[in-house]
Structures are given as structure tokens and as C-alpha cells.
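Q: My questions will all concern the structure given below.
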Amino acid sequence: KSVLHARSYGIFLMQFTPPMACAERCIWYGECETVDGTEKRYNCNYTGAPVPLPHEGYDLVQELCPGFFYGNVSLCCDIQQLKTLKVNLQLPLQFLSRCPSCFYNLMNLFCELTCSPHQSQFVNATKFKTYFDPVAKENKTDVIEVKYYIGQRFADAMYNACKDVEAPSSNEKALGLLCGKDAKDCNATNWIQYMFNTDNSQTPFPIIPIFSDVPTERMVPMNNNTKGCNESADDVSGPCSCQDCSLVCGPKPQPPPLPVLWTIFGLDAMYVIMWLSYMGFLVIFFGLVLATWCHRKRNLVSEYAPIDSNLAYSVNTGYEDQGRSSCCDELGERLERCLRTLFSTWGCLCVQNPLPVLLCTLVFVTIGCCGLSYMKITTDPVELWSAPASQAHKEKEYFDSHFGPFFRTEQLIITAPHASKTTYSPYPSGSDVPFGPPLDKEILFQVLDLQTAIENLVATYNNESVMLKDICLAPLAPYNNNCTILSVLNYYQNSYAVLNHSIGDDFFVYADYHTHFLYCVRAPASLNDTSMLHDPCLGTFGGPIFPWLVLGGYDSDNYNNATALVITFPVVNYHNDTKKVNKALAWEKQFIEFVKNYNNSNLSISFSSERSIEDEINRESSGDISTIIISYTVMFLYISIALGHIKSCQSCLVDSKISLGIAGILIVLCSVACSLGIFSYFGIPLTLIVIEVIPFLVLAVGVDNIFIMVQALERDERLPHEELSQQIGRVLGEVAPSMLLSALSETVAFFLGALSTMPAVRTFSLFAGMAVFVDFLLQITCFVSLLGLDVQRQESNRIDILCCMKQKSPPVRRSNGALLTFFKLYYTPFILKEWVRPIVVAIFVGVLSFSIAVLPKVEVGLDQSLSMPDDSYVLDYFSSLSKYLHSGPPVYFVVEKGHNYTSLEGQNMVCGGVGCNNNSLVQQIFTAAELDNYTRIGFSPSSWIDDYFDWVKPQSSCCRLYNATGTFCNASVVDPSCVRCRPLNAEGKRRPQGMDFMEFLPMFLSDNPNPKCGKGGHAAYSSAIDLIDDNTDVGATYFMTYHTVLKNSADFIDALKKARSIAANITESMGIAEKNYRVFPYSVFYVFYEQYLTIVDDTIFNLCISLGAIFLVTAILLGCEIWSALIVCITIAMIVTNMFGVMWLWSISLNAVSLVNLVMCVGISVEFCSHIVRAFSSCTKRTRVERAKDALAYMGSSVFSGITLTKFGGIVVLAFSKSQIFQIFYFRMYLAIVLLGATHGLIFLPVLLSYIGPPVNNAKVSAAQEQYTGTERERLLHK
């Protein structure tokens, strides 16, 4: 075929060229004198006929210029020129061989120039130089300049075939590295002009390209046939891949359109719907209120009559006309009687036998607290936020077990606030290039001083010295022990000499650090830049330095405009080696102290270490201890003082109940300690959330019950012939069922909340449920006994605390107390006035409507800066991250064990080069990177399999074997016994398959990059492939890329979702969905942010299951009063819904911390609601309004003085915390919980009960009449 092509080409030339140009003649042959200052040589002038090539050069011709391999292979070049051509083509080979058609055209360009037998037809030697050859001892003539006539059609076609080719090492277009300027500014002519210009330091003498499609200056332009990138270059290779040829891909994919905002009349639909619903409710509600008022007026009924079928009843209707009791009424009354009898008996027993009760309590508490010796506190963020059965947790374990855990990161972000931009003027021509302030040489020297000082830092652990080299990531160890340092200074080998290296004379600087920088940001994997410097770009550790990782604050891809330098020190994460982890921690501590104290006015440094966040959280926690102590002290003081009922100044020391209040507080603390101890016995670890939140919760529940019990006793009058133990037992029988209702509701709700998959919520629910239950047990045992002892002390006029001392005081008449008086005489009548109640309902329903409208707008996530103290250096680092960085965290697309990489089909599923599927793994990630704003994938992936194919191909000098032993021979070894791994024929040029694939893969993974072969996979891919079965098969592998810059929780969550979507699509397109392996994405932050993918569902589940438990327990303990249970749940649901409204108003996001607070909100809301509903249900007065007044006056006052005032005092102190997370998630949410609970429980709920509360229980009315007939209590009942 090549012979026919040559002949047809010759006929074409004879028809259209002048006769003098038709003969096969050369302009040069062989190499002559060395070019001054280089190792390159001029070609020797020769104008004769082509010379037959010796047989030793046939392999080279077949490899480089197969079109000339016909006849006797007469060429205008000798073997040495072919070798030089091969060496010179190594750079474009590395970048353009990915696209065989592109490289075929480029080879045509250089083969025709160097060796074509028709050379004189399109190459004209224009300048010569004579010299004396001392070896041949004769004069020779050098060709020192030529003109190369190239067809414009050929040049355009070659450019079009190559313009899309990617350089995988830098994710740039390859032409950006070969054109001398940005790929976007490159075209056919300036690309070829640059390749033939001596300024590129590769061309030994000027080659002047002349572009024309018609004969010019008696020369016929070289216009050979070309191959498009969508065509096969030969019978072996296929068209270029989609990554390298847009014609193969088709049009660029477009992201799906953004979701359309749901609007009505141009306004947010939820706002409109809730506004209309609220207006409709008001119309209906006020219509009913007005109608009822008119009906009352017409029938002369009191304003306190119920809005039900009892409207016809007279104001003076008694109980004699009550109807028959229903089964539910009788069941409720029996349960009420049983509970009253049980608790009365139990209370009487506790008061009569205080010492045994207290002793048993002490034994129980001691046993529970002994479990604290087994207590473990979890600080591992993975265990805190990720369930062991979660997808992200399993994927992390899979990644860690196959590739090793993700490294620890120490990072600096450096700016030069006092420096200004500089301008670099390339020699000899070219536009000026601006350089950002930190890229000034003096600044770079100062940064190098800092970097070197950090490398030399010495820490101490167990009397051992620890330096960076002892813990750093060194991918080429033990061959190369240099640490991985991702820094722009690694372009200069972290060397002062290389940074200062320049080439020039007294007048001009031909190349310096600017030149090297501009080359390296385009070719970071290069081992030899094309400038006069010839310095390597590859880092000293053997890997490339990607510019988007070490530079920040630049625009587009103009890295020279960078305003920040980023230096990253990856440290090996010794996950299962405590000693090595502690060494790393010791060095990191030294690193933090050093950078904190580093003083250089020219540099502004933001920094962070792997341990920084945990250190700052611990510092924050320590700093807030005083705030927490003050908060609890305020609550304790209030409880101790407010619990007593001071009747007069003379009896204040006797009436005080400070000792009883302290005992109640100790009971609360003991219940928390017992809860921690009990679960510690079972090995369940604690979390900081449990320690911080549960005391607050249990104190709220416990204090409320204490106030209810003590105030009920103080307001009670002892019956004639009734002993103290009987009185306390009777009072306990009245209030304990209410305490049981709230405690059991909360306990069941919390224990069911432990079904949550979120570890933080699950742990909190377990410990909270147990603490509330233990607190209830201690209150109805220990506290009742202590209450009896305290009443005995008070009745014997003994001073509180100093019980041995008695005080003479005159008898004081019993009073209800100021708070009860206020509630009974002023607050309750006002709230339940006929004109106030509709206003209350309207306001609360309005607030509810607003909360529902904004509920979907509550943000999900947790801004990590909120967990830092206000004065933390990490906050500055977070700010610099979002301001300067241009790449996000690395993301690995992992192919699980089971894929067949040795078959052509299996290779095509994952690779991204020639012949690979257009929907292969690499191609889909590449496509995703094209839509980076949508997919959050920032760059094309590094593909070990594509680099392996490039490495193993016979045209490359990478894969070689010692022909005697068959062992690997590195490309840098000069030994004639080293031969190609694969033959240079059609079979050898195909991809290795089967055993061939596995034979050379371990060699690829052990090969270090070197100037002769930059494709060695040791540094880049040694951890990316899990070789199994004694290196005979490939297990799990990964393909790495980077996310775009992720600035907030929404970005991180979206990145996780999009990456999983891409991986799922890859799994489906590979057809492995039904097999036992898949593709999944992994990044270090996934395990923390996965919770936010389901947190809305988790929130709904936890709140619904809590409300369901409360409904069930309330319905049962109130004697099947479904309506009462429903009212409790409705009110609690309103409180929780309004909490979401507060979260939106106060910018509190939904996350694990706020979800725990919401679950706690449900528990505390039970305290505000259940006591009042039960008091309403148990009241036997005539109308709903009267029953609501009674419940609010007696039980509401206890709730207000107990839980509301207690918690309010402690919460206000939290506002002064230095911790942002305390201010937001504790002060703001706790304050909202208490205020919403108090307003709903003490304002809305009584009004709601006055309208639609359950009807009076006839069985309870009858039982009350029978029980108290003829007693003083009968008078009290009918007050």
C-alpha cells in the first residue's frame, strides 16, 4: 500500500512540477558540526540522489516513517539522523500518541523534512557554513537554515486532528505545551512555526515554514494526505478517543436546566398557599366564634359555657344530670384510680421508711455510676457522624483496606500583601506576561526559606526525634526518599540554585524562572523543559505538581496571575499504628506552633494541620466550661431558692427548701450518671453531644416534676386525722400519674428514636431515654422520702440546712403563694376571656402558617467554621480556602474487585484512549468535567490503564527487558541487551491482553519516571491498583480526579450526590449492575456529609416516631382518651414546626446537632403540654373553660416556675459563650425551645382546650362525688 502511495505521489509530482524538480534529489545527508552551546548537530549539505539505507536502519524507518519502507529504501537521511529524529520526537510522542491520527500527520511532517527522497522539491537550503572535520580530515558544509514549503491544506488538517488532544498529566490541551502559547491562541501556522523555531531549544537551526497550496518559488509544497482524528491511522489503531477528538464525541453535553421555582402570581407558591390558607381559616374560625356568641346571647348562656351540645345547659347545672359513662370513661376512671392508689401507697411507704429507701437508692446509683469506669468518649468524627452500616462508611472501609487510608494534610496558603505585580518580557519577542505578587523571585526565596524550615522542624515523641521525612508521603521510597511537597517551588526542585538559574548575556535574559514557570504549569510532568534552561518540572518526589493545587487567586487558567501560593505536606495516615500516629501528631503540634510564631512581614500565612480542627474544638470546649458552669449554677441557685414557699420573713429560714432543692439537683445528676454508667457497661461510647445536651434535658424534666410535687403538697391541706405520710402519699397519688405520663412518653419516644441510623441521634436517644426513666424512678422514691423528711423538719421549726437548730416562730396562715395567686386571679382569667381566646388562636395559627411556609427553606448542613472559636487561626484558613483555591478535594472512582482488565471488552469499558467506548468510565468522568459547574467534577481523571498502554507500546522507550533474563530494564539504562517488551509490528502495537497484560503491569507500577520515560507508574499509580493472586490478577482499582472548589455545606452535599450519580451511571453503562461489583466514588469528606442526603427523611422519621410514641402512651395512661392524646401531639407538632420557623429566621441549619435538639424539643414539649392536658382531663368542673382555668392556674403555675424560669436563667448565660456553635445551636435553639414550649403550653394549649378539649369524664365525676361526699374535699371540688 505504501509503495502504491509513493508511486502515485511521484506521478502527481511529474504532472504538476517543473522538470528540474522532478528528479529525486536531497539537500542534506548525514550529520556534521555541533551547534554552538548545544549537543545538537547541523545536517551536512548534500545535493545528490537519495542513498540506500543500511539494513540496520530498517527497524527505525518502519517505526518512524513506514511510508518510506519500499524498494531499496533510498532516503536523504542516514541512521544517525533517524536516531536523532526519534529522540526529538519523544516529547510530542508523550503528548500526541494518544491520538494516532494526529501523531501520524505530525510524523509525516517531520519524516518528509528529514528523509524524503523528494526532499529538494519542498525543502530549500538557504544558508550554509563550511568547517573542517578533524575526524574525516576534510572540509564539509553545514546546512544552517532551510525553507520548508508546506501545503496550507496539510497544515490545517494536521492542526484540526491535534487541537483537541488532551495532556493527561496536566489536564491541558497538548498543543498548549507544543505551541509555545495557550492552546486557545494556537493555530496551524504558529504551531508549526514554533516547532521549527530555535527559540524552543529543540530545533538546532532555523527552519522557515512557507505555507501555500500552489507551487511557490519553483517549489512544490508538501501536501501529503492526512488523517482526520475520527479516522484510523492504520489497520491496528482506531480513531482517536472522544477526549482527544470532538468529532468523535459529537456536540458538547449540556447540563439539565435548573429546576423552575414554584410560583403563584409571581410569588413563592408556599407563601401564597399558606397565606390563603390562613386567611380562609380566619374567616371560618371567626365566623364560628361570632355565630356561637350570637347563639349564646339568644339563649342567655354564660360566656363560659362550652361550645358543644351542652349549650342548652344552665349556668347552675350540677352533676345530677350527667349521662351514662362510656366504656372508655369507665376504663379511664379505673386506670386513674389504680394509679392513684398505687402511688399513694408507694408514697406513704417511702415517707414512713426513708432510710431503707435512701439506702437502696444509694446502692442503685453506686452500681450505675461504677459503669463510668468503662466509659469511652468517641471523638473520631467518622464514628460520630457515620453509621457503620451506611454506604459512605462501608465505602471508606473498602477504600482504606485496598488502597490505604487517605493521608493527613498540613497546608499553608501564602499571600504577599506588600508586594505588587511584576511583568515578564519574553526574549526575543512575545507579549508581556504579568506575574502575581507572590511569584516575585524575592518572595519565592522567602517562601522557600519557610518551606525549608518546616522540612527541618524537629518534634519529640517518647524521647525520639521526629522530622517531616519520618512521617511524610514518599511514593518512590526506598529508591527516592524525598517527601511529597505540593508547592510551586517544586517546579524548581525546592532548590535556591534552580530558582536562580538563568541563561543570558550582558544585554538580555534569554530564559529564567519565569520561562520555567510558564512551561511547567502547562507540562507539570515534564522532565526537561523546552527552554534553554532544560530544568525538570517533575517534583523531587517523582510526581507532577498540578498548578491548580499549588496556586490560588488566578483568573481562568492564567496561572501567572496567581495571588496566593498553596503548599501542602501530605503525611502518611497510620490508621492502625498508634505509635506512628502519635509521632505524626507530635510533629503536627510542632508545625502549628512554628507557623503561629513565624514572623515575616512580607508574607501573610493561613494554615491548618490535620489535628487543627480537633485541637480547636477541644480548646473551645475548655473555654466554654466556665460558661456552662455558670449556666448550671444559675439554674441550681434558682431551683434551690424558688422551691421554698416563704410565708413570712420570720420563718424564711424554716420555710426555705435549699437542701431539698440541692437534693433534687443531685438526683438529676445521679440519673444522668447512671444512664452513662449503664450503657458504658454495654460498651456503648459517649459523644460530646450526649454530655452537653442530656443534663440540660433531664434537668428540665426533673425540675418540672420536683416543682409540681412540692407545690402540690404546699397547696394541699391535710385532712382531719391524716398523718404526714398519708398526706404525701395522697398528693403523690394526685400528681405522680402526671409525672408518669410525661416521663414514660419521653422515655418511649427517646428509645424509639434510637432506631435512627444517625449515630449522634441514636446515642443521644439511648442515653436520654435511660436518664429520664432513672430520674423518674429516683423522684418517686428517693425524693419522696427526702420530701417527707424536709416537711418534718419544717413542721418542727428546724432551720433549713442547719437541721440541728430550731427557730421559734409564730404560726403562719397557709397561703397559695404569689405565683399561684397571680395565675389564678389575673393571668388565667385574662387569657381565657371570650375576646382574648380568638386572638390567641389567630396569632398562633398565623405563626404556624409562617413556619410551614418557610420550613422547606431551612438550610441543610453544618458550616465547619461554626465549630471553631471566634479567635481561631483555622477561621482565617477557611476564609483563604474559599477565597483563593481553585480545586476541591480529590475524588476517587473505585472499581471494585471483579472487573476483567485483561480482555479487550473489559479494557474498553474503563479506558479513555483509542478504541475505548464512548461511555467508558474515563470518558464519562471526562464528560462530567466538561460540565464542572453542574457535576462538581473539576478535571479529567488520571487513568492508570491509559498511561499503562502508552508505557507498554513498542514505539515508546519505556517498557524494555533484559533479553537474557527477561527482567525489567528501566529506560534510563544504556545497555544493548535491553530490548523492547513487545515487537514493533501490528500485533505488538495492539493493546496487551490476557497474560501479556499482567506480565508487564507490575513492571509499570515499579517504574520510576525519568527523562527517557515520564510514564513510569510507580509514583502516580502504585497505590491505585490492588494486585492480587501473587500479581497474576487485578483486584480493586481507582481513577482519581478532583472536585471543583467546594465552599459550603450545600456544595459538599451536591458534590457527593453528583459523584454518586455519575458512578451509578458508569456502573449501569458498563453492564455490571447485576454482577457482584460496582463503581463507587470516594472522597475523604463523603463519610461526614452523607448524613445530609437523608437528614430530611431522618428528621421526619425521628419526629414522627416520637410523636407516635407520645400519642400512644398518653392515650393509654389517660384511659383511652384519644382526643386528649391527639391535642397533646398537635400542640407538640406546632412547637416543633415553629422551631423550624425560628431556625430559618435565625439562620440555624438542619444537621445532626440541630436534629438532636429537635428530638429534645419533643421531650421538653411533653413537659409543657402533658401535665396541663392531664390536669384538664382529670378536672370534674362543669365547662371546658372552667376546667382550662383550673388546669392552667394550678398546673400551669408549677410548669412556669419549674421548667420555664429554671431553663430561661441558664440559657441566657449561654449567650456569652465564645463558641459560635454554642451561641447558635445551644443558646438560640434552647431559648426557642423554652419560649415556644412555654407560650404554647401556657397560652395556646389552655385556649385550645377551652374550645375543643375532651368532654368531662362522667365516670371520674361520679367517682369524685362518691370519694369526697361528706368531706372537706367536697367543698373544694365545687369551688
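Cβ from N, Cα, C; glycine included.
Automated prediction, rather than curation, is the source of TrEMBL annotations.
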Q: With TrEMBL as the source, which of 354-372, 1152-1170 is set down as transmembrane segment?
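A: Based on what TrEMBL states, transmembrane segment spans 1152-1170.
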Q: Give the nonlocal contacts of the transmembrane segment (688-710) in its own chain as ranges (CB under 8 Å, at least six residues past its ends).
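A: Those are 377, 379, 621, 628, 632, 635, 639, 642-643, 657, 660-661, 664-665, 667-669, 671-672, 675-676, 731-732, 735, 738-739, 742-743, 746, 760, 763-764, 767-768, 771-772, 775-776, 779, 783-784, 787, 1152-1153, 1156-1157, 1160, 1163-1164, 1167, 1171, 1195, 1198-1199, 1201-1203, 1206-1207, 1210, 1226, 1230, in sequence order.
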Q: Please give the sequence-distant neighbours of the transmembrane segment (1152-1170): residues at least 6 beyond its ends with Cβ less than 8 Å from one of its Cβ atoms.
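A: Sequence-distant neighbours of the transmembrane segment (1152-1170): 384-385, 689, 693, 696-697, 700-701, 704, 738, 741-742, 745-746, 749-750, 753, 758, 760-761, 764-765, 768, 772, 862, 1091, 1095, 1098-1099, 1102-1103, 1106-1107, 1110, 1114, 1128, 1131-1132, 1135-1136, 1139, 1143, 1199, 1203, 1221, 1225-1226, 1229-1230, 1233-1234, 1237-1238, 1240-1242, 1245.
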Q: How about long-range neighbours of the transmembrane segment (1229-1252): same chain, 6 or more residues beyond its ends, C-beta under 8 Å?
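A: Counting only partners 6 or more residues beyond its ends, the transmembrane segment (1229-1252) has Cβ contacts under 8 Å with 307, 696, 828, 831-832, 837, 840-841, 844, 1127, 1130-1131, 1134-1135, 1138-1139, 1142-1143, 1146, 1148, 1154, 1157, 1160-1161, 1164-1165, 1167-1169, 1172-1173, 1176, 1184-1185, 1187-1189, 1191-1192, 1196, 1199-1200, 1203-1204, 1207-1208, 1211-1212, 1214.
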Q: Would you call the transmembrane segment (625-646) and the transmembrane segment (1191-1217) in contact, using three or more Cβ pairs under 8 Å, pairs 6 or more apart in sequence?
A: yes
Q: Restricting to the same chain and to residues at least six past its boundaries, which positions have a Cβ under 8 Å from a Cβ of the transmembrane segment (1100-1118)?
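A: Contacts of the transmembrane segment (1100-1118) (Cβ under 8 Å, skipping residues fewer than 6 from its ends): 332, 335, 339, 737, 740-741, 744-746, 748-750, 752-753, 755-756, 761, 765, 1124-1126, 1128-1129, 1132-1133, 1136, 1155, 1158-1159, 1162-1163, 1166, 1170, 1173-1174, 1177.
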Q: Residues sitting near the transmembrane segment (658-682): Cβ under 8 Å, six or more positions beyond its termini, same chain?
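A: Sequence-remote neighbours of the transmembrane segment (658-682) are 364-365, 367-376, 636, 639-644, 690, 694-695, 698-699, 702-703, 706, 710, 766-768, 770-772, 774-775, 778-779, 782-783, 786-787, 790, 800-801, 803.
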